[in-house]
């Protein structure tokens, strides 16, 4: 008997998460076992509120175009379900909605929190006597999921950071004689330094930047940092720094949240780059510029990595195939078969090994002085930023129809 | 008799200034009147210090590759020559260097300061009995040169800002239900709002951002601004703001330099975006994110506008042609013949009309409430971001040979 599928996006979006959505919808269409694909409006909140988008109402061209569309087209959310003990009602509500709409497949596109949610839902659905195939689809720019070699979303942000570092470094190189000597680029990755670390690939291009890489895995040492800035400016004439938003001092406090207050007594807002800039001004008196890429880095579809997009598409496709094969409580993950040439495949991994686990940069990736990366790291990162750039004729996007399925239940809450 | 040419880059670089350099070198090569093209190492400082790069030693492939290379490949500088009355010696030194190296053509690639310098040098060279063809080649991301319809460098930064605004807006749209409600992008243009204003083109794409555009030409009104943010979030669910680094309060003070101090009593560093973010936190308590693009926007060759690159190349080529025609004290400028379809040509304009003049956004480009742009503005901006993206296979760049011409004179200073 045909069952419908539910697909939801979770947490911070990436420039390729919609490629996974596109794959789920197109692959499900091929199967006679799956009826419609309903997308949660604003992620799992859409299921709780019974706000289901009927993706079958969208044109094929629109679904195809999702491969190249940034953001989360159906809406994502930051909403973590509590444990079953704490809030059984939430889980019961989900099952009630799934039952009301004949949903037999649950695809949850997110990070390790979402893997945990998918796992819990697969467990509770069995207990409540409403069997559901639960598949988590990996997505995170942070690249911090366990078991998988890399995470869809990461390769593209890495490519953005590498490209931007090279371009800005050429700019600074040309101005340093009489103007800016130091440039700081702040990038994402609060707890793991994957994004920051990937910037090492920019060193293959002239002028060999970044000279300093500041990782959240390495305690920020102000003295060592300032010495290296000074030395680099003396030797090269200029210095380019890529810093993670999550670097911490020896007390374990985020640099971006350290002591300085504004005139009103408010703690200054985040921003590692302006702090480092202030430090360089005060202690070294070197003219510097800084950039904070923020959402630009994770939404830059125009610069997304072809390999990353292929990963994102393939995990979506395989998620449907695994569900049809009867798998449950798994995630399609990327297995690297070789780096040079880059070969990979997508296989199923149990969610129990992925849920709530955070993978940091391996020690072997970080150089001795803690401010650079090793050859091993470069070998890991390089293939992930490769592949064809998207063929976007112009960067204009259209709205979808976003037609809602008629509600059958009482309102939630 | 053959004369050599001197080419120098001046001021802040752009993602297409090297396209102009490429054009000058390749066009000069075609002429039997021009010997070698020497490039100033670090701009005009290279002439003063007699540090001349012999561009004839570079491979043709390298010179061709400059069309797509960000930064200023020969080095630029922030160095303004004083008036002839104040520092005649500097001008005499330049003429001395030009004489020593048989330089008969002076190409100065910069903004309105550089136009002024080129004009002065053309005047003094006549007085000192060493005739020189002085041609200024337009370049500035700020788009603030008089007479020319647009400035090479501007279209590319405009394209970067439009693309980034669209992409970030799709990101925020997908997260706003349970997370970020307001996103602020800070862009360049301290005195003129061309870059900021161009972001209006992003409104043609879903989701119609930016909702608020803050221009340096319009006094920042905190109350009106906060009201519009609040209203937009109420109506749309989220609000995207593009702000110029140069917005000022009613006392004429830069917002980025306003009163707040850090714990050490230092004035906080620039950054309009973090200030606006702080304001939105404090007064509206809305979760927000901000990005400061800084050098990324003006070095993003990977996203440069095809039309802009064509402009940059053509003004370089015409500069050489004008010099060979015997013109002096002129700038090749872009004349728009029609907007739809976009047609343009490059003609000569006297430097006297360009030197030291700053062109601001026309009042007719700014919407009634001062926080948006008019249809007329859109008609102006649209063609400038069009054209083919560069064909960059990978974004790695090589070093040039940068072989220096043997010095003939005593050291400068």
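Quick reminder: no glycine exception, Cβ is built from N, Cα and C everywhere.
Automated prediction, rather than curation, is the source of TrEMBL annotations.
Computed from a predicted structure; not experimentally measured.
Feature list (source: TrEMBL):
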DOMAIN    A:8-322  domain 'Phosphofructokinase'
BINDING   A:12  diphosphate binding site
BINDING   A:112  Mg(2+) binding site
SITE      A:113  site 'Important for catalytic activity and substrate specificity'
SITE      A:139  site 'Important for catalytic activity'
BINDING   A:140, A:141, A:142, A:188, A:189, A:190, A:245, A:295, A:296, A:297, A:298  substrate binding site
ACT_SITE  A:142  active site, proton acceptor
Same-chain residues at least 6 apart in sequence whose Cβ lies under 8 Å from residue A:296 (substrate binding site): A:160
Of A:139, A:298 (the recorded positions), the residue whose Cβ has the fewest other Cβ atoms within 10 Å: A:298
Recorded positions among A:12, A:139, A:140, A:189, A:296, A:298 whose Cβ lies under 8 Å from any chain B Cβ: A:12, A:296, A:298
For residue A:245 (substrate binding site), the number of other Cβ atoms found within 10 Å of its own Cβ: 23
Those recorded positions, out of A:12, A:112, A:113, A:245, A:298, that come within 10 angstroms of residue A:139 (site 'Important for catalytic activity') at the Cα: A:12, A:112
Spatial neighbours of residue A:12 (diphosphate binding site), counting only the binding-site residues A:112, A:140, A:298 and Cα distances within 10 Å: A:140, A:298
Largest CA-to-CA spread of substrate binders A:140, A:141, A:142, A:188, A:189, A:190, A:245, A:295, A:296, A:297, A:298, angstrom: 16
Largest tally of Cβ atoms lying within 10 Å of a Cβ, found at which of the binding-site residues A:112, A:140: A:140
Residue A:245 (substrate binding site): secondary structure state under DSSP, collapsed to three categories: coil
Listed in sequence order, residues with CB under 8 A of residue A:142 (substrate binding site) and six or more positions away: A:111, A:151, A:154, A:188, A:189, A:190, A:191, A:192, A:194, A:195
Site with most surrounding Cβ atoms, counting all protein chains shown within 10 Å, from the binding-site residues A:12, A:189: A:189
By Cα-Cα distance, the member of binding-site residues A:140, A:245, A:298 nearest the residue listed as 'Mg(2+) binding site': A:140
Where residue A:140 (substrate binding site) sits in the secondary structure, as DSSP reduces it to three classes: coil
